[in-house]
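The following features are taken from TrEMBL:
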COMPBIAS  1-17  compositional bias 'Acidic residues'
COMPBIAS  23-34  compositional bias 'Acidic residues'
COMPBIAS  526-540  compositional bias 'Low complexity'
DOMAIN    131-345  domain 'RING-type'
DOMAIN    135-179  domain 'RING-type'
REGION    1-34  region 'Disordered'
REGION    526-546  region 'Disordered'
Amino acid sequence: MESEDDMHDANDIESLDDFYSGETEDAPLDYYSDYDDDADDYFDEADRIESRRPEQNFTILKESDIQQRQEDDVARVATVLSISRVFASILLRYHNWSVSRVHDAWFADEEGVRKAVGLLEKPIVQHDNTRELTCGICFENYPRARIEMASCGHPYCISCWEGYISTSISDGPGCLMLRCPDPTCGAAVGQDMISLLKSDEDKQKYTRYLLRSYVEDNKKSKWCPAPGCEYAVTFDVGSGGNYDVSCLCSYSFCWNCTEEAHRPVDCGTVAKWILKNSAESENMNWILANSKPCPKCKRPIEKNQGCMHMTCTPPCKFEFCWLCLGVWSDHGERTGGFYACNRYEAAKQEGVYDDTERRREMAKNSLERYTHYYERWASNQSSRQKALADLQQMQTVHIEKLSDIQCQPESQLKFITEAWLQIIECRRVLKWTYAYGFYLPEHEHAKKQFFEYLQGEAESGLERLHQCAEKELQPFLCADDASREFNDFRTKLAGLTSVTRNYFENLVRALENGLCDVDSNGASFSKATSSKNGAGSSKGKSGRVKATFRTNSMSSRMNDDSHWCCEHCTYANVRSATTCQMCYQHRR
């Protein structure tokens, strides 16, 4: 028989089910009553919620955008410092493309900067108006027209320059900081010398290195880590703690660690989780939990049949008892037969196997716990990949087909695409909540219980949205003509999308804040679930516990006068709030 607390826990889950589905005693078939009661108010509230969301703190750059920014920075430095664009480009590369750093360093110590970078004000070697000069590499005499010099004045023939520059480009991006071939000279070789090359391939390589250096050397920009993506991202680091970036290639990643976007989990937890998923420690845990070493050769053996009589594989072929690891020839009917071992039981009572069994039991429990979280993490990842494929098919095939059937422009069907995008994002968040839960300290019972409650409700709400977008859309795709029920479907799907988005955004914020409400409210979830005894409940025809009990029970959950509990999601809000900070429903 269920305890009274368990029954009230079920009541709470049913009440939150009503929050997502909109089912009430008066209108059991109204899937989204809170939305349908006053659609205008709902959208006004959704607009206010949208306005409170943080602005995008990153910019996606195409190759043309990168080139334009690079040219603008070069032109700005050249204008302010009254130097050539070639020299401005060298200065910016030296200072990692930071215009402010170039200006600060230049005006603080122009002579020191020139010396460090290799920008000479006058040549080191002076040449008279001679018709021929000797190349410093091949030592051949050439006419002045066949000789080129950097700012230092060291003369080299065009052929030697080509070989020197081409070799440097082949060596990699280091060619961007090329110096004079003379070992004693530090004069910089600028981009104007690259034009001496006859090879278009080398020129393209140099241009590519220069473009990539603008992103890779700049602390405010990075390349998108998705395979094959050539977009770059600039990020405003000082715009809060959200490091998630969504590239135009549809890949989302964390700016801080460049792993897949992982809010609400921090980068350190993600690194530990990824390492654990790929580490050999889990293999060792499995071996320790599911096998025993052969007493003779020490190789691990898995028991795959019911009998306790074990035979090691060749060449060992040692026969032993699985329980006590003793020689099998010493066993028989007097020791318990094939399925028991009196020696093991006696030795276990004497404490002989305590340490070994304890280690094996700990390994088994650890493995089972990890498997629990990993399977759900991987399951949501798989569902997310499937949703991505479904979204692609929706955008390329189904939207156009649905537009023809329902006689509506594709612009009015964006709510379907938005629903699938929200499903994909929520699957990602839900996936990482399992990594969050795995590393949640076991001794924080109230916080763990509250987290699992929020996680369960988030999963339940997401499943409703996913089912609506996937299953309930199918009849309209298979219909022969327009249906009046399509507008009801639009209302339901748009409403579920909005509520699910709001719930997950608040879930992310709560987890990022370390579930501080549990601490500040004295384990509010425990209080909430233990103070339900005064609440009444009634059952409808379907046997489900309806939401009629909520008004009294929810209001009695807080012992102080500084908070009020939302009737829809049980979130504890500050007294001054008129709208729930979790589900954005108005206070009643």
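Using the three backbone atoms N, Cα and C, a Cβ is placed for every residue, glycine included.
Beyond its flanks by at least six residues, the domain 'RING-type' (135-179) meets 93-94, 118-120, 123-127, 185-190, 193-194, 196-199, 202, 205-206, 209-210, 212-213 of its own chain at Cβ-Cβ distances under 8 Å. Look at the domain 'RING-type' (135-179): DSSP puts its residues at 22 helix, 10 strand, 13 coil. If you take every residue in the domain 'RING-type' (131-345) and average the pLDDT, you get 82.
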